[in-house]
Amino acid sequence: MTEKKAAPAAPTRASAKKELPEHFKDYKHVWVFIELERDEVHSVSWELLGEGRKLADTLKVDLCAVVMGPPGEGLEKAVRESWGYGADVTYVVADPILADYRTQSYTEGLETLINTHKPEIILLGATTLGRDLAGSLATTLKTGLTADCTGLEIDDGSLAATRPTFGGTLLCTIYTLNFRPQMATVRPRVMAMPDFTEGRSGKRIDFPLNIKENDIITKVLEFIPDTTSDKVNLAYADIVVAGGMGLGSAANFQHVMDLARVLGADYGGSRPTVQKGWIPAERQIGQTGKTIRPKLYIAAGISGAIQHRVGVEGADMILAINSDPNAPIFEFAHYGIVGDATQILPALTKAFEQRLSKMRKAG
Amino acid sequence: MHIVVCIKQVPDSAQIRVHPVTNTIMRQGVPTIINPYDLFALEEALRVRDRFGGKVTVLTMGPPMAEDSLRKALGYGVDAAVLLTDRAFAGSDTLATSFALATAIEKLHQEDPVHIVFTGKQTIDGDTAQVGPGIAQRLKLQQLTYVSAIRDVDSAGKSITVERRAEGGTQVLKTTLPCLITMLEGTNTLRRGSMDDVFRAVRSEVRTWSARDAGVEDITKCGLRGSPTVVKKVFAPQPRMEKAQQIDALGKSPAEIADETINMLFTASNQLGDDILKLTEAI
Amino acid sequence: MAEKFDVIVVGAGMAGNAAAYTLAKAGVNVLQIERGEYAGSKNVQGGILYAQAVEALIPEFRESAPLERHIIEQRIWVLNDKSYIGTHFRSDNFNEERPNRYTLVRAQFDKWLNGEVKKAGATVITETTVLELLKDETGKVNGVRCDRENGEVRADCVILCDGVNALVGSRSGVRKEINSKEVALAVKEMHFLPRDVINERFNIQESEGVVIEILGTVTEGMLGTGFIYTNGESLSVGIGVIVSDLMKNRINPSTLLEKMKSHPSVAPLLKGSEVKEYSAHLLPEGGYDSVPELSGNGWMVCGDSAHLLNAIHREGSNMALTSGRLAAETYLELRDKGQPINAENLKKYNQKLENSFVLKDLKKYRRMPHIMLENKQFVTMYPDLLAGAAETLLRVDGVDKKTKEKKITKDFRSARGIFGLVGDAFKLVRAWR
Ligand SMILES: Cc1cc2nc3c(=O)[nH]c(=O)nc-3n(C[C@H](O)[C@H](O)[C@H](O)COP(=O)(O)OP(=O)(O)OC[C@H]3O[C@@H](n4cnc5c(N)ncnc54)[C@H](O)[C@@H]3O)c2cc1C
Ligand SMILES: Cc1cc2nc3c(=O)[nH]c(=O)nc-3n(C[C@H](O)[C@H](O)[C@H](O)COP(=O)(O)OP(=O)(O)OC[C@H]3O[C@@H](n4cnc5c(N)ncnc54)[C@H](O)[C@@H]3O)c2cc1C
Ligand SMILES: Nc1ncnc2c1ncn2[C@@H]1O[C@H](COP(=O)(O)O)[C@@H](O)[C@H]1O
C-alpha cells in the first residue's frame, strides 16, 4: 500500500500541511550517525557529513556527528576524523557493550541521546547496519524515515528527501513535516566524499549508555569476517569497467576483465549479466546493486536503463561502447563509441597496454 | 511453533511504464506478483516448520485482490492465510504499515502464540526495508535483519541461532523467541507445492480482516493519517543536457578507434594516465 | 487417493475457458488445469475478438470484460520495400450498440474470463502442467498426470484445450505431432503510446479501433502476414510466417518484424512508442486437412489444439470458444441422457463441429494453405508489381495514361507470364470458393 505514496500529494493527508507541534519546536541541528564497526568507519558516514554540512549551513545550525562504539583508539580516531570531515559537535557514546552491532543496544542508546539532545534531522548510511538501525529507531521515535535518498535539500525549513520509486523509473520527494527528527538513509557512494581538514577540531559531548549486557537479549556468538577473495571493492574503485548483455556470452566477459586488469580497475556488470550467472552478485552495478563513483567508468554493451544509470551517474567520466547509436546510455555518457564491444574492448586493452608501457619507460 | 510470514503483493516493476508526456505511472495491465524478496522468507518459514514442527500463517495488507498472493502462498504449502484489507489502510507509509501488521500479528498471537515473524529484506516498490524492523519494534520482538541462514531453533521453541549478513562479514547471533527475521535474498530456493497443496490453496479459506477485525483501536494510526511522511512530488529523472561526444568510428579499424579514444580520454583528463600508472603499480 | 472430478479441462485459453464455463454453469464438477501463472499469462494474441462467440457463453460480457477498442476500420496493405498499396474500409455502422469485433489484450481478457469460470464454480489450478492422459485397463481416458508430486487426478472425461503445441495429445498417443508446414510462427510486440496519440495517428475517437493487415515483401518471400492492431494505450505489432519457410530460409522472425517496423509506411505509426512484451507464439495454419481426430474414448480436443483456425481471416479465438462450448455441451447431453462417455458417443462433438461455422469455414478454404505454400509469387512478386502499377498510374509525369497501362500490363506479363497470371487468379478463386 505504500505505493500509493507515489501519487502527487493527497490533500486529504492530515500531515500534508505543516503544523509542527509545540514540543517539536526545540528540535535543532543536523546529525549524522557515524558507522563504526571493528574500529573502522564506513566511508558512507563521511559522505553524509559532507551532505549534512550543506543542510546545516542552509539551516544555520550545527552539524553534529554521533559516534557509538567500544572505548579505544578506534573510537577516538573516529571522533577526530568526524571533526576533520566537518562536524562541529560530536556526541560520543562509548561502552564495551557496543563492540558488536546489535539492534537493541544501538537503538536504545541512540534513542535516549536523541530524546535528550533533540536533533531536527538525522542521516544514516543505507548499509545493512544503517538500515537495521534506522528502521527500528524511526518506529520507536514514531517519526518519518525516507530510505535510499539520492538527493537531500532544505525546502522552507524542512528536509526534502528525494529518492527513486517504482523500480527507479521515477523519483519522488518526501517530507516529514509534523514529526521530529526527520530521518533519511543514503546509500554509499551516492554523495561525494567531502574534503578532510587536517587538525580541524570540534566540540565533544560524552553521553552514557545505561544498558547492561544482561539486559540485551541477543548475543553475538561469532563474527566471521569475509575472506579477502569475496571482498569486492567496486563501490570505491577509481576506475570501473563493466559489461552488459551486449557482450553476448559469459566467455566474452573476459574482454572486460582484461581491460580492467590493464587499467588497474575493478569490473562489474548490469543486472541481467548477474542473473545469467556471468558474474557474481556483488559485482552488479545499479539501483539494486552497487552505486559507483569512479573517475572513469567504461560501459560495454550496456543499454543504460534507468536502474543502471542511477548507479553510475556519480562517475567523473563515462565512456560507453554500444552497437546501437540510439542506446539510452549515450544520453548520459560523456564519450561514446558506436561499435561492437567484443572488438573494441580487446583493441582498447592492447592500445592502453602499449600507451602505458611507453609512459612507464618515459617515467 | 507458530510462524507468521508477511508478504506483499507488488506491481511487477519490470513492467511499469511512465506516460511520456504527463510523467505519471501507467498502471493499466501491469501484472502483480508476490514481492520477490518475500519468497525467501516464505521458503525459510516452511523449512523451519518442516524441521521443527508447527504451522505457518501468511499475512498481507493490501487491496482485496491481494488475496491472489495469499492463495499462491497456500499453494507452496503454507497452512493459513490472513488478508488485512480496509479503506482506512490506504496511503500507509512504512510506520503506518508496520502498525497495521503488528496489530494483526498481535491478534494472531492471542489465538495461537507466535514464535517467529518473517519478512522479506525489502519490497521492490517501497524499497525501504523498514517495515520488518518497524514490526519488530512495535511488538518488542528481537530484530534479526538480513539473515542468511537459520542454524538452529531449540526444541522448546525458546531460542534461535542464525547467521546474519553484516558489514564486512557474518554475525552468528543467538536470541530468544519470539523474534522477527528479515530474510536475505538468494539464501534458499522456493519449493514447488504438491498437488495436494495446490488443491488446498483453492479450497481453503482466506480470512479477511478489516482494521476493526484485526483489533485496531486507534484508526488515526492507520493509512494516510497515521503516516508521518508526505510525498510532495513525483517526477522523471532529467536527461543530461548534452549527449555523449561520439568517437568517429566510420570506416576505422578497432585499433584506430581505440587509439583515438585513448587520446580523447587523456585530453579530457590529464591526470588519468598518472592515476592508471598508480593503480597498476602494485601489479 | 487421487482426487476425482467429472471432467478435467486442460488449459485456460479461449477454448478451455469456454468449456469449463459451460460445464461449471451446468453444475458439473469440473477441474481446469493451466500451466501458466494465471490464465492468460502465457497467451499471445494480436488481439481481435469476435463478439458472437463470447455472447454465446456470456450474453452481457460487454459490461465487465476488459475490451480495448471496437473496430471501425480495416486496412489491408500490400507492401513492397518503399510503398504500400491497399484498401481501407471504414464505416460508422461499426459504431453500433453491440459491436461485432474488438481488439483485446489476451492476458487481461483470459484472466477475466477465467474469473467467470471460477465464479461459475469450477476448480481452477494454475502453474501446473498436464504431462499426459491416464487410461484405464480398457484404454478409456480416465484422468491426467501433472508435473507435481502426487500429480494424478481422475475424471470421467478430459477435454484437451492445450493450444497449438498439443503436446498432451501427442505424448499420450491420441494424435500425431504437429508438422512445421502446418504452423506459423508469429512474433509480436506491444508498443505503448498515449491514447490521444493513437487516436490522432489513426484518425479515430475514444474507443474506436483500426486493424491493419500487412502482406508483401516484409516476409521476404515466405508465406506470412503482418498486423497492427490498436489497443487502448498500445499497438499490437506482429508478423507471422510459416515455420517450414523460416527453417528453409534460416531467417529469424524478429528480423522480419524489425524490417516491417522500419518500413516508411509503418514507422511513423510507431514513432516514440515504448516497446514492451516481446512474445512469440505458434499458429495452427494447416487448415482442414490438418485437423486431427477430434474425440476418442473419454476425451475431446478443442481450439488450436484441434487445429481449428482460419488463417485467411485470422479467426482462431472464435473457433476456440465455439469448439470449447460444443465439447462441453456434448458432455452435458450425454450426462443428461445417462449415456457413457466413450468414443462412440463423443462422436456427437465431431458432428456439432461439422454443423457449425467452424468446420464449414475450414472446409471452404481447405486448399488455401497448399496453394499459398506452393505459389510464393503471391507474396514475392505481386507486391512489387502492384506498387509499381500504382506508382506508374499516380505519378504525373507527362506520360499518357494509355502508355502507362500498357507498361503495367507488360510488367505483370513479363514477370509472371500470361499463363501464370491466369493460373494464379484461378487458383485463388478456387481456393476461396
Ligand atoms: C526493480 C529493478 C531493479 C533493477 N536494478 C538494476 C540494477 O541495479 N542494475 C542494472 O544494471 N539493471 C537493473 N535493472 C535492469 C534494467 O532495467 C535493465 O534491464 C538492465 O540494466 C539491462 O541490462 P543490459 O544493458 O546489460 O542489457 P540490454 O538491455 O539487453 O542491453 C544490451 C545492450 O548491448 C548493446 N549491444 C548488443 N550487442 C552489442 C555488441 N556486440 N557490442 C556493443 N553493444 C552491443 C545493445 O544495443 C543494448 O543496448 C533493474 C530492473 C528492475 C525492474
Ligand atoms: C500473434 C497471434 C495473433 C492472433 N490474432 C488473432 C486474432 O486477431 N483473432 C483471433 O480470433 N485469433 C487470433 N489468433 C489465434 C488465437 O489466439 C488462437 O486461435 C486461440 O487463442 C486458441 O485458443 P486455445 O484455447 O485453443 O489455445 P490457447 O489460447 O493457446 O490456450 C491454451 C492454454 O493451455 C495452456 N496449456 C498448454 N499446455 C498445457 C498443459 N500441458 N497443461 C496445462 N495447461 C496447458 C496454455 O498455457 C494456454 O493457456 C492469433 C494468434 C497469434 C499467435
Ligand atoms: N503491505 C504489506 N503487507 C505485508 N507485508 C508487508 C507489507 N509491506 C511490507 N511488508 C513486509 O515488509 C518487508 C519490507 O518492506 P519495505 O519496508 O516496504 O521494503 C517486505 O519484504 C514484506 O515482508
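Backbone N, Cα and C define each Cβ position, glycine as well.
Whatever TrEMBL says is automated annotation, not expert-curated.
Owing to the predicted nature of the structure, the values given are computational and were not obtained by experimental measurement.
Per TrEMBL, the feature domain 'Electron transfer flavoprotein alpha/beta-subunit N-terminal' maps to A:30-220. The feature FAD binding site is assigned by TrEMBL to A:270-271, A:284-288, A:301-308, A:ASN322.
Sequence features, as recorded in TrEMBL, placed on the structure.
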| residue | record | DSSP (3 states) |
| --- | --- | --- |
| A:SER270 | FAD binding site | coil |
| A:GLN284 | FAD binding site | strand |
| A:ILE302 | FAD binding site | coil |
| A:HIS308 | FAD binding site | helix |
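Within 10 Å of the C-beta of A:GLY286 (FAD binding site) there are 24 other C-beta atoms, taking all protein chains into account. In sequence order, A:ALA242, A:GLY243, A:GLY244, A:MET245, A:GLY246, A:GLY269, A:SER270, A:HIS308, A:ALA320, A:ASN322, A:ILE329 make up the list of same-chain residues 6 or more apart from A:ILE302 (FAD binding site) whose Cβ falls under 8 Å from its Cβ. Taking the Cβ of A:THR288 (FAD binding site) as centre and 10 Å as the limit, one finds 19 other Cβ atoms among all the protein chains shown. Listed binding-site residues A:SER270, A:GLN284, A:GLY304, A:ILE306 compared with chain B at a CB cut-off under 8 A give A:ILE306 as the close ones. Confidence in the domain 'Electron transfer flavoprotein alpha/beta-subunit N-terminal' (A:30-220), given as mean pLDDT, stands at 95. Every protein chain considered, the tally of other Cβ atoms within 10 Å of the Cβ of A:HIS308 (FAD binding site) stands at 28. Around the Cβ of A:ILE306 (FAD binding site), the same chain contributes A:GLY168, A:THR169, A:GLN287, each under 8 angstroms and 6 or more positions distant in sequence. Neighbour list (A:GLN284 (FAD binding site), Cβ cut-off 8 Å, at least 6 residues apart, same chain): A:GLY268, A:GLY269, A:SER270, A:ARG271, A:THR273, A:VAL274, A:LYS290. Close to ligand 1, meaning a Cβ under 6 Å from one of its atoms, are these of the binding-site residues A:SER270, A:THR288, A:ILE306: A:SER270, A:THR288. The candidate set comprises the binding-site residues A:SER270, A:GLY304. Of these, A:SER270 has the most other Cβ atoms within 10 Å.
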